[in-house]
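In TrEMBL this protein carries:
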type	residues	note
BINDING	Asp452, Lys453, Thr454, Glu546, Phe587, Lys610, Arg643, Thr723, Gly724, Asp725, Arg790, Lys796, Asn819, Asp820	ATP binding site
BINDING	Asp452, Thr454, Asp816, Asp820	Mg(2+) binding site
COMPBIAS	1-14	compositional bias 'Polar residues'
COMPBIAS	17-40	compositional bias 'Acidic residues'
DOMAIN	73-143	domain 'P-type ATPase N-terminal'
DOMAIN	172-234	domain 'P-type ATPase A'
DOMAIN	842-1096	domain 'P-type ATPase C-terminal'
REGION	1-40	region 'Disordered'
REGION	1100-1160	region 'Disordered'
TRANSMEM	337-360	transmembrane segment
TRANSMEM	380-406	transmembrane segment
TRANSMEM	873-894	transmembrane segment
TRANSMEM	906-926	transmembrane segment
TRANSMEM	956-980	transmembrane segment
TRANSMEM	992-1011	transmembrane segment
TRANSMEM	1023-1049	transmembrane segment
TRANSMEM	1069-1090	transmembrane segment
Amino acid sequence: ARMSQRQRADSTGSLGPDDEVMPYSDDETDDELDASSEGEPEDDLCVCVCVYLLSVVLDLGWSVKSNDRAYHQLPEFQRKVFLCIKKSKYSGNGIKTYKYNAITFIPLNLFEQFKRAANLYFLALLILQIIPEITTLPWYTTLVPLVLVLSITAIKDLADDLARHRMDKEINNRKTEVLLDGGFQETKWMDMQVGDVVRLKKNDFVPADILMLSSSNPNSLCYVETAELDGETNLKFKLALKITDEKLQQEHQLAQFDAMIDCEEPNNRLDKFTGTMQWSRHSYPVDLDNILLRGCKIRNTDVCHGLVIFAGADTKIMRNGGKTRFKRTKIDILMNYMVYSIFALLILVALGLAIGHGFWYEQIGSLAWYLYDGADQSSVYRGFLSFWGYIIVLNTMVPISLYVSVEVIRLGQSKFINWDLQMYYAEKDTPAKARTTTLNEQLGQIEYIFSDKTGTLTQNIMAFKKCNIGGKTYGENLSPWLPVDFGWNQYADPKFEFMDHSLVACIRSKQDQETLEFFKLLSLCHTVMVEHKEGELVYQAASPDEGALVTAARNFGFVFLHRTQDTITIKEMDHEATYQMLALLDFNSDRKRMSIILKFPDGRIRLYCKGADTVIYERLSPHSLHQETTQTSLDIFANETLRTLCLCYKDISQAEWDEWSRKHTAASIATRDRDAALDQVYEQIENDLLMIGASAIEDKLQDGVPETIANLAKADIKIWVLTGDKKETAENIGFSLLVLVCFACSQPHLQIALDKSVPKCMSNIGFDVNAWQVDFVDMACECEAVICCRVTPKQKANVVSLVKKYKKAVTLSIGDGANDVNMIKTADIGVGISGQEGMQAVMSSDYAFAQFRYLERLLLVHGRWSYIRMCKFLRYFFFKNFAFTLVHFWFSFFNGFSAQVAYEDWFITLYNVCYSSLPVLLVGLMDQDVNDKLSLKFPKLYLPGQRGALFNFKKFFISLFHGIFVSLIIFFIPYGAFLQTMGQDGEAPSDYQSFAVVTASSLIITVNLQISLETSYWTFVNCFAVLCSMAIYFGIMFDIHSAGIHVIFPTYFTFTGTASNALRQPYLWLTIILTVGISLLPVICIQFLSKTIWPSVGDKVRPHPPDAEEKRPPTFQRGGRSRRSGYAFSHSRGYADLISSGRSIRRRPTVAGGAQKRNV
């Protein structure tokens, strides 16, 4: 199949020519080249004219000369890279994906980290602490946490970059054969250059973007696997130009090859390439069919030769390795606003305390002789210095370790998703995969799900179930007979099942010509490629639908055997017949049909056509029989959610064919709007058709899909199905999925078919499109379910974007194919299904798994848990920092607002690092309010996340006031206890250092017990973390208060003996217990009252074990009226371009493959 996308003609119901062109990265090139050659011109004059026109229209700014390395180093190809240093614009083939080397790692990594506002803020604080007149804290109180945070991030970045170094080294040192000095020599990939001729062998990776010159296969076909490009493992094929195929087979011929290639500049478009080859005074068009892209793997081809066009960083796969859309969660955005709020609060508090210091010094400090410090400074200047001092003292209000802690929690939550065996699909050995670590909590806030249908909700495995031939329906299983035995057919597919024995009897009797004609059409009218493997036939089809139809014909005795560019050979029951293919009128989503014109062995010319009933019935002859009976069968098939096609034919006279052939030839060599010209010519021949019958194919639902959708709906998640199918099919699928309920249901529902021309028409007649969009979103969002039909990939993304824009809702898109990539990237969360259509959706997604039913567990269990854990972590994190920092604020009223700290310096340094970090991290990783079974059984538990009820500005201010209250208690109770105190030994422990120890001890015990009250799911690890944190605090405190460490570092450890002296006083222990008790008592009371008087849904369901599963409603309810099924056809072009391109496939090819694209 041709890999290049051809521009489609505008037609009614199309937004534009490029609606279905799928970019493979976000770096979309706007001014791409749209022209590509179609077929092989019949003479050199046509080639030259076409190439000349292309050269005029297109700016082909990249020139490559074969076997001439010196040419690409000429001055005109030099570009300035730095000052006067110039370098060739042609990249070498060595790649560099790593970011750092041994010299640049430290400065570059630090530069990147200090681009984050929080890190830059703490660096500024560190600089302030170095200024003697300002500093109120030692420099290490900020340096130690900052260095720890920077080091953790740097180690992670270093590990990632070392892996990239290893990968680059392995790839750059791969070997390939390059034509040098008249012969092929083994060369490292990194030493290849643009213009080199290379030889590739079977199972070799393609080392650069290469123009294919010749291969060992007939017509220089080359089969490639593109798994590293798009994740797809089915084989695709490339082909060389006819001229190079004929003249460049031998080594000496390749050595004399001196062509000049003019083509587009390097870009990231994997789906197009445009250029020309000038050789021996002739020019030849080059397109994507002739290009082997770097990253492909040679398959089923012994040897092929090629010319390097783009190397290294200029190759398309490397150009696609760059920018991606950065997605941020609502909590991320909210958290940033809260950090800004904390910073503003810090400024205001520091400013207020600085003003207080100015007044205090004016009225008290300047008059007290014992406070004279020898500095002749005004009260205003002292207030200015005090402001910066308080910025330093209160800096812990802005949490330095917050972002690192959040990343650790998200990483752990992602691992839990990856390790979940209940989301593992054993049949394909496919586990769930969190492809990002930044969006987990957003999974607990989804309001809208946008789902593709085919392959996402269904299996995308097609089976031929029923048909109507000559007005009679076959396929009904009216008796308990066994499936039809196809043992009489040596080519029968053993996996094929059919229940109606009468159809086989009718065919084998050869009495009913319409039945024979029906299956003959199925075996001839298609673009399937066939491979003969170990005596078996293996079909490669552009879509599962087409493969199912050809397989059905094969089992009923009409076996497609092989084809060339102009013949098709089939086995009709007991004899082979070869038909000359005069023309192949390929399918596209505008035509909704395909036709083939054949010349029979007896000389007759006949057109066979298959397509959607909506387009076939418009083109039937008035004399066609069985129209009404066939339509009745179509309605019945549609009501059973089967995918249908109408089959018809037309006999053509020789004169009619000759006249039409001339028009077709003229249209096929048109240089502009070729597709539009061809479509017009096709319309002239596809009329007055005679109906043969209709086929019906089943695409089964995946297991558990209706139940999953029903449970998600109970969680108030609205499901929108975006499909390329027709309205009737989508409506039927909606009923079978329980997206839609029966018409008698009281709940509102609506089925919406998006007419693609509506926005265009409304804008043309003066309507406000923005107002229309708002009305559409408002109307649709009032519905329980919405099904959008006939939507292109671009429109899928637009629908998602509209809901995000006007509803400010959290959205999730899920799909399985390349045409879902835009939708997946546009939504807040993108989920890829690893199904039958390759891995492009998975590679563009944030989360991936194998079955739609796993979405229920991803959202209701992992998403909900992640949201609750993150909210609990953030609330507690802000609380503990406020409780810790605001003690300095209260202390300021008793120290003349002098920016004196209330704690020991090392306690300030280690508080967030060692004393209070581990318990809250474990809560963020492991906490559960209810288990997974209850989370699935009671979907209403999901509602708080959608409403953002667990973390918002209200919760933030509650944490702030809670922190203010605890800091008030922690300061004033010890302060009151220390006013008039006498120890047992007659010594007064009411000194500043003992006060700092008691305050710090009260704080550590309080915050660790507070997180214990917040913990819903206790494990040994949680218990150990709480006890260990307090033990670490006391252990480190006694160590740094010891005389030994004071002797070694007398300047940095000044609280010598304070801990042992203070904590041996029972009075102070009672003070600590009283402080902790009063701090926690309100929390205990509020929790008790809330759980008894105002219990949440989680509080209500927690005590109850999950009951037996409720009886599910039937997955399909038949409506009262008939519903027409969608046509069973691929929505992408088939292999017609290659088949009819003039490249004769003289031998039976070993394999044929094509990119599967499904309905859009």
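Placed from the backbone N, Cα and C atoms, the Cβ positions cover glycine too.
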Original post:
Given the transmembrane segment (873-894), which of the listed stretches 380-406, 906-926, 956-980, 1023-1049, 1069-1090 has the most Cβ pairs that are under 8 Å apart from it?
Top reply: 956-980
Original post:
What residues in the same chain, six or more past the boundaries of the transmembrane segment (1023-1049), come closer than 8 Å to it by Cβ-Cβ distance?
Top reply: 904, 906-907, 910, 914-919, 921-922, 997, 1000-1001, 1004-1005, 1008-1009, 1011-1012, 1055-1060
Original post:
Quick one: Cα separation, Arg643 (ATP binding site) versus Asp816 (Mg(2+) binding site), in Å?
Top reply: 19
Subject >> DSSP residue counts for the domain 'P-type ATPase A' (172-234), split into helix, strand and coil >> reply: 11 helix, 30 strand, 22 coil
Subject >> Residues in the domain 'P-type ATPase N-terminal' (73-143) grouped by DSSP into helix, strand and remaining coil >> reply: 31 helix, 9 strand, 31 coil
Original post:
Is it true that the transmembrane segment (956-980) and the transmembrane segment (992-1011) have 3 or more Cβ pairs under 8 Å, skipping pairs fewer than 6 apart in sequence?
Top reply: yes
Subject >> Cβ atoms near Asp452 (ATP binding site) (within 10 Å, other residues, all chains) >> reply: 32
Original post:
Relative to the Cα of Asp820 (Mg(2+) binding site), which of the binding-site residues Asp452, Thr454, Phe587, Gly724, Arg790 have a Cα no more than 10 Å away?
Top reply: Asp452
**OP:** Could you tell me what the rest of the chain brings near the transmembrane segment (906-926), counting residues at least six beyond its ends with Cβ under 8 Å?
**Re:** 137, 140-141, 144-145, 148, 396, 399-401, 405, 408-409, 412-413, 869-870, 872-873, 876-877, 880-881, 884, 996, 1000, 1004, 1007-1008, 1011-1012, 1014-1015, 1017, 1019, 1021-1022, 1025-1026, 1028-1029, 1032-1033, 1036-1037, 1040, 1052-1053
Original post:
Between Gly724 (ATP binding site) and Asp816 (Mg(2+) binding site), what is the CA-CA distance rounded to a whole number of Å?
Top reply: 14
**OP:** Would you mind reading off the Cα separation of Phe587 (ATP binding site) from Asp816 (Mg(2+) binding site), to the nearest angstrom?
**Re:** 22
Original post:
If you draw a 10 Å sphere around the Cβ of Asp820 (Mg(2+) binding site), how many other Cβ atoms fall inside it, taking every protein chain shown into account?
Top reply: 33
Original post:
In terms of Cβ proximity under 8 Å, which residues at least six beyond the ends of the transmembrane segment (337-360) contact it?
Top reply: 118, 121, 379-380, 382-384, 386-388, 390-391, 394-395, 397-399, 402, 878, 889, 892, 896-899, 953, 956
Original post:
In whole Å, how far is Asp452 (ATP binding site) from Asp816 (Mg(2+) binding site) when you measure between their Cα atoms?
Top reply: 8
Original post:
For Gly724 (ATP binding site), what is the tally of other C-beta atoms lying within 10 angstroms of its C-beta?
Top reply: 25
Original post:
Which one of the binding-site residues (Arg643, Arg790) has its C-beta surrounded by the most other C-beta atoms within 10 angstroms?
Top reply: Arg643
Subject >> Sparsest Cβ surroundings (other CB atoms within 10 Å) among the binding-site residues Thr454, Asn819 >> reply: Asn819
**OP:** Return the residue, from the listed binding-site residues Phe587, Asp816, with the maximum count of other C-beta atoms within 10 angstroms of its C-beta.
**Re:** Asp816
